[in-house]
Amino acid sequence: MSTLGSTCFTEEQEALVVKSWSVMKKNSAELGLKLFLKIFEIAPSAQKLFSFLRDSKVPLEENPKLKPHAMSVFVMTCESAAQLRKAGKVTVRESTLKKLGATHYKYGVVNEHFEVTKFALLDTIKEAVPEMWSPEMKNAWTQAYDQLVGAIKSEMKPSSS
């Protein structure tokens, strides 16, 4: 497990994240795809980071590899957020973090990509649970996302394998 400490992720923030994630979980494939479509709408050049999208003539929403990838990213992000306070840190296995860091490094992911993703994630969550959305919920998800990204960035170096 990563040992990056959590900077006061409160019980209230945890409750907001857990409550919204429990509603979104059943639609994670659809919401993950929405997240990535938003990312590519904001930053079309980000598509070049994905080998399976580079030469694809298929519309993004029909790409057979995008939906499973998008769902796994969305689920990992949300599960990590939901467990942040209880665990006291980002709960992605260290081997997974190292792999995520190395992959993001290899493909040239930069801070702006993480910022675009954060904006798209918050927008996706806001649309998924509009009746729950509040400034407090936005702050809770922002803090959880920032901690996950911090953990990934700490591993962004060339792969040792």
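Glycine is treated like the rest: Cβ placed from N, Cα and C.
Listed ranges 6-10, 41-45, 101-105, 151-155; the one Swiss-Prot annotates as motif 'Homodimerization' is 41-45. Record check: Swiss-Prot places Lys65, His69, Lys99, Thr103, His104 at the heme b site, and the matching candidate among Ser51, Ser134 is Ser51. Looking at the stretches 20-32, 85-97, 111-123, the one that Swiss-Prot records under the feature motif 'Homodimerization' is 111-123.
Its own atom aside, the Cβ of Thr103 (heme b binding site) has 15 Cβ atoms within 10 angstroms in the protein chains shown. Cβ neighbour count within 10 Å across all protein chains ranks His104 highest among the recorded positions Lys65, His69, Lys99, His104, Lys138. Across the structure, Ser51 (heme b binding site) and Lys138 (site 'Homodimerization') are spaced 32 Å apart at their Cα atoms. Below 8 angstroms of C-beta separation, residues 112-113, 116, 119-120 of the same chain, each at least six residues beyond the ends of the motif 'Homodimerization' (41-45), sit close to that stretch.
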